[in-house]
Amino acid sequence: MSKDYYNILGVEKGATKDEIKKAFRKKAHQHHPDKAGGDEAKFKEAAEAYGVLSDDQKREQYDQYGTTFDQAGAGGFGGFNGFQGVNFDFSGMEDLQDILGSMFGGGFGGGGHTRKKQQARGQDIEKNLEISFSEAVFGTEKTVELYSHIVCNKCGGNGAEPEHGMKTCSVCSGKGETQVSQRTIFGQFLTRQVCDVCSGHGEQPEKECTKCHGAGISRELRKFSVKIPAGVDDGGIMRLSGQGEAASRGGITGDLFLRIRVEPDSKFERRGNNIISQIAIPFKIAVLGGKVLVETVDGEVDLKIPAGTEPGSVFRLRNKGVPYTRGGGRGDHMVEVTIDVPKKISKKQKKLLEEFDE
C-alpha cells in the first residue's frame, strides 16, 4: 500500500525543503521513543518520509510513482521500505545526518562526508592560593608552582622524533575518522567516530618521540608569577587563560582557576569593602572626650572621641577600608568602642563618682 509521505509530515505537496525539514524536526521530537508518550513506529515513519522528500531525485520519483514506484521499474528508495536488519548509509543526506546525529550523539553516514573534528582542548586546573589580609587589601605578586602538561620541548608537540616526520594515518587514511556499525532503533547504521590511532588528526608520527611517547605533551613543574589585584576577597576566583593543561598536537591549552584564600587577621575583620576593628578607650576619655590612636591597614591615625561616648559606639574612618576592584575608591574603617573601666579606684575618685548621683 502506498504511503502518503506529505501527510505523514503534515505538509502540503508543494512544501519547500525548509518547511519539510521543520515539519520533520517537530515530528521527530514528538514521537521520539526516549520521550514519554513517544511512538517508535511513527518516529521511523517520519524519518522514512523525510529521507525521501528531502532528496530532490527521490522526491520526484515518489511524486510520479508513490512508494511502490520500484514495482514500476523505476528503482527503489534504498532501504526506506523496511528498517530492521537494513544497513543505512546516509551519505549525501547531511540534513538527516545532523538531525539524527543530535538525537543519537553520533555522526551518521558512510563515504563522501567527513565532519571536521573540533580542536582538542586541554583540561582546566583549579588551585588554591593563600595570601595575607594585608596582601588582599593592597594587592601583591605571588609565585605559583604546579605540575601540569606542557607542549613537549623535544618534538614541539607533534609527537614525532625530531629527525622523523609525520605520515598519513594507516587506519583512517588521513580522514581522522573511522566507520563502525551501530545498531539503533532504526536497525543497523554506519556511523563515524574519531580515529583511535591518530585521535582525529589524520596523521601519525613516523617514529614516536622518546620523551612524550607520541603524545606531544609532557608533565613538568612550572613556576610563574601572578599579580593579585588590590581588594580581592576570600573565595574569589582568578582565571588565567592558557595556564592550564596543554592539549596534544597543537590543541588549545586549558585555563588555570586560582581560588583566593585570605588568612584571618588578629586585628581586622572584613565586611564587604569595610574593615572592622575594636578599641578599648579609657573611662576618662569616654566621659570627658579626647583623642585616641587607632591602628588601620595604613598605619595609626587619630580618632576623636566625643564626651559621653557609650560602650558599643561605632566611629567611621572614611576611605580607610578595602579598595573596590571595580570603579576605584575604598571602603571605610569602622571602629567599635569598648570602655576600659578601672577595677581599682582611690577614695577620692570614688567620692567624685558618687557625687554624680547627687
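Including glycine, each Cβ sits where the backbone N, Cα and C put it.
What TrEMBL says about a protein is an automatic prediction, not a curated fact.
The secondary structure of Cys209 (Zn(2+) 1 binding site), as reduced to three states from DSSP, is coil rather than helix or strand. Positions annotated as Zn(2+) 1 binding site by TrEMBL: Cys152, Cys155, Cys209, Cys212.
Classification of Cys198 (Zn(2+) 2 binding site) by DSSP places it in coil, neither helical nor stranded. The annotation Zn(2+) 2 binding site is assigned in TrEMBL to Cys169, Cys172, Cys195, Cys198.
The domain 'J' annotation in TrEMBL covers 4-66.
Marked as domain 'CR-type' by TrEMBL: 139-221. Taken as a whole, the domain 'CR-type' (139-221) shows an average pLDDT of 86 in this prediction.
The repeat 'CXXCXGXG motif' feature in TrEMBL is assigned to 152-159 (among others).
Per TrEMBL, repeat 'CXXCXGXG motif' is recorded for 169-176 (among others). The repeat 'CXXCXGXG motif' (169-176): residue composition by secondary structure is 0 helix, 0 strand, 8 coil, according to DSSP.
Per TrEMBL, the feature repeat 'CXXCXGXG motif' maps to 195-202 (among others). Remote same-chain partners of the repeat 'CXXCXGXG motif' (195-202), defined as residues 6 or more beyond its termini with a Cβ less than 8 Å from a stretch Cβ, comprise 117, 120, 168-172, 174-178, 248-249.
Feature annotation from TrEMBL assigns repeat 'CXXCXGXG motif' to 209-216 (among others). Long-range contacts of the repeat 'CXXCXGXG motif' (209-216) within the same chain, counting only residues at least 6 positions beyond its ends with a Cβ under 8 Å from a Cβ of the stretch, are 151-152, 154-155, 157-162, 248-250.
According to TrEMBL, the zinc finger annotation covers 139-221.
Counting only same-chain residues at least 6 apart in sequence, those with a Cβ under 8 Å from the Cβ of Cys172 (Zn(2+) 2 binding site) are Thr178, Cys195, Val197, Cys198, Gly202. A Cα-Cα distance of 18 Å separates Cys155 (Zn(2+) 1 binding site) from Cys169 (Zn(2+) 2 binding site).
Shown in sequence order, Gly176, Cys195, Val197, Cys198, His201, Gly202, Glu203, Gln204 are the residues of the chain, 6+ apart in sequence, with a C-beta less than 8 angstroms from the C-beta of Cys169 (Zn(2+) 2 binding site). Least packed by the Cβ count within 10 Å, out of the binding-site residues Cys198, Cys209, is Cys209.
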